[in-house]
Amino acid sequence: MELEQMVVKELGISMDDLRELIDRELEKIEFVKQRKAQLLEMEQLVKQKEAEVDHVDKLFDNATRAVDDCETLVKSLYDQIGMTYKESSSEDEGSSKPTEVIEIPDEDDDDVMSVGSGEAVSKIPKEKHLLREAMAAMKRSRQDVQSIVEAIQKKSDGPQTRFSSHPSSPTSSVGGSNQASASNDMSKDGDLVVGMRILGKKRTKTWHKGTLISIQCVGTGKKFKVKFDNKGKSLLSGNHIAYDYHPPPENLTVGSRVVAKYKDGNQVWLYAGIVAEPPSSKNKMRYLIFFDDGYASYVTHAELYPVCRPWSKSWEDIEDVSCRDFIQEYVNAYPNRPMVLLKSGQLIKTEWEGTWWKSKVEEVDGSLVKILFLDDKRCEWIYRGSTRLEPMFSMKTSNASTQEKQQAGQQRTRPNVGAIRSKGPVVQFTHDLTGNEPEHNPAAPPSPQSMPSPQLIDTDSDSQQAQSKKQVAKKSTSFRPGSAGSGQSSPIPTESVPQPPAAPRPFQSNQSVQPVQSIQPIQPIHNIQTIQTIQGIQTIQAIQPIQSIQTLQPIQTIQPLQTIQTLQGNRIVTSIQQFQIIRTENIPAESTYKAPKEKLFYLPHVCNYTCLSRIRPLSHRGKNPLLVPLLYDFRRMTARRRVNRKMGFHVIYKSPCGLSLRTMPEIERYLFETQCKMLFLEMFCLDPYVLVDRKFQPQKPFYYIPDITYGKEDVMLSCVNEIDRTPPPQVAYSKERIPGKGVFINTGADYLVGCDCTDGCRDKSKCACHQLTIQATACTPGAQSNPMAGYQHKRLEECLPTGVYECNKRCKCSANMCNNRLVQHGLQVRLQLFKTQNKGWGIRGLDDIAKGSFVCIYAGKILTDDFADKEGLEMGDEYFANLDHIESVENFKEGYESDAKSSSDSSGVDLKEDHEENSGSEDQEESNDSSDDNFGKNEDITTSSVWRSYATRRTTRGQKENGTSETASKDSRTRDETTDCKLPEETSKNKVASWLSSNTMADSVMDSDSRSSLKMGEALETDKPKESEEASKYPRFAEGNRAYGYNPTPTKKDGVRRPVTKTALHQIKRQSSSAQPTEEVLTLSSSSDSEVGSGTNGSKKPAAQATANDSDDIQTISSGSDEEEEKKNVAASAGPVKRQVAVKSTRGFALKSTHGITVKSNMASGEGGPGRRNTRQFFDGEESCYIIDAKLEGNLGRYLNHSCSPNLFVQNVFVDTHDLRFPWVAFFASKRIRAGTELTWDYNYEVGSVEGKKLLCCCGSTECRGRLL
């Protein structure tokens, strides 16, 4: 008491207050907190165990009563059959006597059961129903006893003793023996033996070597106790241990569960993952591994260890939901896996922490790409199929939008071709790298009678009949941004059209291939089979044996008869008689042009009509249009000249009067001065690589048709078949559009705008028709007209999405001299219909075609959308083309694709530009790079310190554990450094963090929607004092050895995962500041997670560089509270529910295929008013576009096949009407085309847009995307 009084007097506080103060201080100590938490946890465990014991006791009591009931039944049965029942466990009767078996024979002699001790059965029961009742009771009791045994193994020793001391019945003795054997440890389980070396998984998610010390039965399964070499023991399941040896290669299939080494600089860790790609020459014979936490890496066979007891579905062992869903989708779709086709030097947008960043492709290594972020110069390895890459994300979001609209009834089940085809990165559907891809579609039995042709899918064959519930596919005739021939790169949603050919299938032969020893005479080929798909069913047709060349039959020339047209009601019915086959020996030879040897001399004069008086007659129709001027005594000469110290070629023309014409304006002026009406400006070409006298001569064909147009075209269109004897399909040829039922096209002159030009419409500023084309370009984003829009010297260099208006019948200009009349002149180039090897019928040029030249139009019957749906289901949709000009321009103007490549700095633009137009060879100019060429670019495989990833990235909230913040899904592991590397002061925090923080705060006043930016800026400011404290707890890295990654998985509380970097520190700082969700956020999370992370929205450059193009550099994928409002706006602006297929929306929708990604555009220009009407609705309330169907009636445009690297582009041209609904669909050359090259265009189908429909692409391009549908 005296001591207490002295203390109170000295301290000035009472003892009670002192105790409270001490208690409060103790509670603040971290160790005490942990102990209290452990105590609470222990109390919970004790309560849980007590509840389990009570539950087991109840089960035991119930089982005991059941055994007693069974024993009572058995005793009564014994009494009825005159036997004496004795208990086997009775001590007074001597339980040590040998047991005897009571055998109860069943009616079928199937069951023999040992039920305990007793006398031998001397009598057979007479009442069978009593016997069956007793057996059923014994079976039930045995099941109850087994469940008790399993439950007792989990309970304390008390209940076990109680159970063992209880008197057992004849049946319960069996359960007791099972219990005794189950409780003992096992020394062997299959190939796992106690004492063997294995790998085990620790709480840190890393795997370590150890020794198997015991095998225990726990519940219905087995547990394996492992003692690790670096101290510690763990009781693990079979899927958490791995063999300490390298598996044979044949066991490592795609989806196999393995443990692999992950290298980062000098550090090596072991992590679990799945085999994503088998070794091949393209990946340097390495395995691609997808690790459980979202990383991807290539490893060798010596770095793999097989998991001992993997689950049948390997992805179910992955904890993170997004990674699990990604791997499940990947394994199920393999070997068809979409990846972005990339090459070094390309620019591409890449997602990082919810924001799209401009980045550059540094290196391509197989299926991985090394991305350099241009803003902070950091690198990261990413799987080429990850949705962090903008082309993959756009494809996934487009597919999800299509599925959502179809489910909501807003879109018909047709392919959505609104996907953007950029000049650089495109999504490619690759196949098995080993070439051993299994054939998923089994072939049907041979049916030669029903197979008219041996191609895989003959898109031109009328043998393809209608299918029930068939999806309708349509190509689009509107502007394709970023496609070949398009000078624009802004995304525009568009429509789909004729069904493209499917992938080729190799010839199957029963004969084995033998090495060629010597050249032998050609022998007949037998047993060749080709596969053809009709209505989704494969049938095999045997080709007739091909005779040797020496014995080939003479080719057959087919002369078509005239078509017969009859009027039935209001419809013109066209019928065609069968081809008339005429036998001939060879194709008519064409005379070769020989340039005149005499020289032309120029005498000074004024060129006029008399300069061409002697060559006026039209005598060279049907010739190569580029050769026609030479036939009229013009001379075309090629000279070399030095420009910028480089030798180049230059073409000049000499007129018959000796005047030198060096440029297209000079040629144009000369033709006008001489009033030359038999030559057009498009017949002259100054490209030195376009040869005017290069002819293509086909090989000896089986069929030859001089003209399939029946004389309806100005130029004959020949047809050859060099593959087999299949004739071309019977089609009513028409070079003009044919309005169908319910379609009215007003072509009256009173509804057209005409010009009064007398100079051949050379001055665009004075031509009214030219001005229509120029004024229409103001509908593009920015609302600035292009005064140079339209034809340039009768050629169109790039696609104009707003259309081209040609002079018409109301114009006063000369039809032959006008420079604004091109498409209406019809077919001018010489083409040929030919049978391809695996794509059906195709079109190729017989002469060189200059870039920008008009080729042909797409003609057919124009149908309404409703009638096209009906006819497509009945007749097929292979030749449907949407007249979607209105929707294309509207979407282009409103900026529906906010993250599109609208400038040279955006996604898909190469840094290296070729400025040497007239140097080098033509082949070099036309060569294309492919990512396959970059596979395994460096021969020396070096371990990179840059992190690799494959799964969709998302931001998550950081959590603090033991006073330290951790990254959101990965367990950070501190790595031991040999030297203490110090960073410069400005790099102690992430460059991106400082850049975002400073610029976001500096430009927050200028930001139109800066709420989230301000919040993040404030959060960064508040976290700055904590940064040095956090950084001191993590290792430091040298500037030259920085590692970066991302966190696709939710935060885990256990252990350490990946080494922590400055990026991780910055992410911790950002995540800790995002406790309150903002309005503009990124959600890239799994559907089962509700975590939301904060991201920047429209982050801007410094004030000196802040422009409207910032959204092109950095874009935030966001989903906020206004998601539903966005949906309503899209629905209102897109028109009624019944809408065309190709109008693509990227606003506010759930994305199933990418596991919960939500997107909202951040371009203000894309927000339309909810009450705005679609332009098409002003045409008597129409809701959908019209369709061109060339199935039964059409021109040569129906035969143009698809290519992922096309040489034609589509252009809408207005000729006979200015009705926006009915443009002419014209094809122009997007590059120079060599004679004999097949003409192709991009169908622009969206892969996966039609459920149950799959078409492989066999275009053969180096940039082939692999699939069409």
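The count begins at 1 with the first shown residue.
From the backbone N, Cα and C atoms, a Cβ is placed for every residue, glycine too.
Record check, Swiss-Prot: Zn(2+) 3 site residues include Cys761, Cys813, Cys818, and the candidate from Cys799, Cys807 also listed there is Cys807. Of the candidate ranges 9-63, 339-393, 559-613, 834-888, Swiss-Prot annotates residues 9-63 with the feature coiled coil. Ranking the binding-site residues Cys757, Trp841, Tyr879, His1202 by Cα distance from Cys811 (Zn(2+) 2 binding site) puts Cys757 first.
Here the Cα atom of Cys761 (Zn(2+) 1 binding site) is found 35 Å from that of Asn1201 (S-adenosyl-L-methionine binding site). Mean per-residue pLDDT, taken over the domain 'Pre-SET' (753-826), amounts to 89.
Using Cys807 (Zn(2+) 2 binding site) as the reference Cα, a 10 A cut-off selects Cys767 from the binding-site residues Cys767, Gly840, Asp877, Asn1201, His1202. What surrounds the Zn(2+) 3 site, by Cβ distance within 8 Å of the Cβ centroid and not counting Cys761, Cys807, Cys813, Cys818, is the set Cys755, Cys757, Gly760, Cys767, Cys769, Cys811, Ser814, Ala815, Met817, Asn819, Asn820, Arg821 from the same chain. A distance of 42 Å separates the Cα atom of Cys767 (Zn(2+) 1 binding site) from that of Cys1264 (Zn(2+) 4 binding site). Using a 10 angstroms CA-CA radius around Cys818 (Zn(2+) 3 binding site), the binding-site residues that qualify from Cys757, Cys769, Cys1264 are Cys757. Within 8 Å of the Cβ centroid of the Zn(2+) 1 site, not counting the listed residues Cys755, Cys757, Cys761, Cys767, the chain contributes Asp756, Asp759, Gly760, Asp763, Lys766, Ala768, Cys769, His770, Cys807, Cys811, Cys813, Cys818, Asn820. With DSSP states grouped into helix (H, G, I), strand (E, B) and coil, the domain 'Pre-SET' (753-826) comes out at 15 helix, 2 strand, 57 coil. Arg1198 (S-adenosyl-L-methionine binding site) falls within a helix when secondary structure is assigned with DSSP.
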